[in-house]
């Protein structure tokens, strides 16, 4: 009622994304390739999250391209990091809950951990790319004579304000997700080295770090794409 049809659109998009995540879980459980399925579902989520929330088509296209490039980059760096860290699966803290269950799930826990990080990063990446693209497009439209250096400087100026809030969001998410774990670690008297080698802690740290890298990369990639499109428009006007 407050936002009218706009609110209905947002709710509809949220519903599609919820269904997409459920579909991802079902497909993984049915034995589909985890990485391929995650990539397809992630693209669907990005399309819905960006195009159903952004009215300006140019802004939406640039934000989607930025988010897609960063998602691919995150996927590429997460694969070796997850296998190297061996932080997938369940930790010893989960033994009591899992005692009566079979662990023969028939899925790759390293690939599942990669899927979790990719899906986890989509929200902050899409939000950051939309915010930076909107700000930069507004600046470029008002000052069409900006040089590439000036566009990049403006992009970093806009991005720095957004990065502060997004970094805080990721940090708070990390602490809220690990609060029960840290209470358990404290009560059991874990040493600092034990904490650094705990599977659940490492998994959360990896997720936060990779998402933060993705958010930081949003600024230069968005700035480049905005400049590239603005330059193409200038060339067309010059030719005409």
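Any Cβ shown, glycine's included, is placed from N, Cα and C.
Copied from TrEMBL, the annotated features are:
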TRANSMEM  7-28  transmembrane segment
TRANSMEM  34-54  transmembrane segment
TRANSMEM  66-85  transmembrane segment
TRANSMEM  105-125  transmembrane segment
TRANSMEM  170-189  transmembrane segment
TRANSMEM  201-227  transmembrane segment
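For the transmembrane segment (66-85), same-chain residues at least 6 beyond its ends with a Cβ under 8 Å from one of its own Cβ atoms are 35, 39, 42-43, 46, 50, 110, 113-114, 117-118, 121-122, 125-126, 129, 133, 202-203, 206, 210-211, 213-214, 217-218, 221-222, 225. Taking Cβ pairs closer than 8 Å, the transmembrane segment (105-125) reaches residues 21, 24, 28-29, 31, 34-35, 37-39, 41-42, 45-46, 49, 66-67, 70-71, 74-75, 78-79, 82-83, 87-89, 166, 169-170, 203, 206-207, 210-211, 214-215, 218 in its own chain, all 6 or more past its ends.
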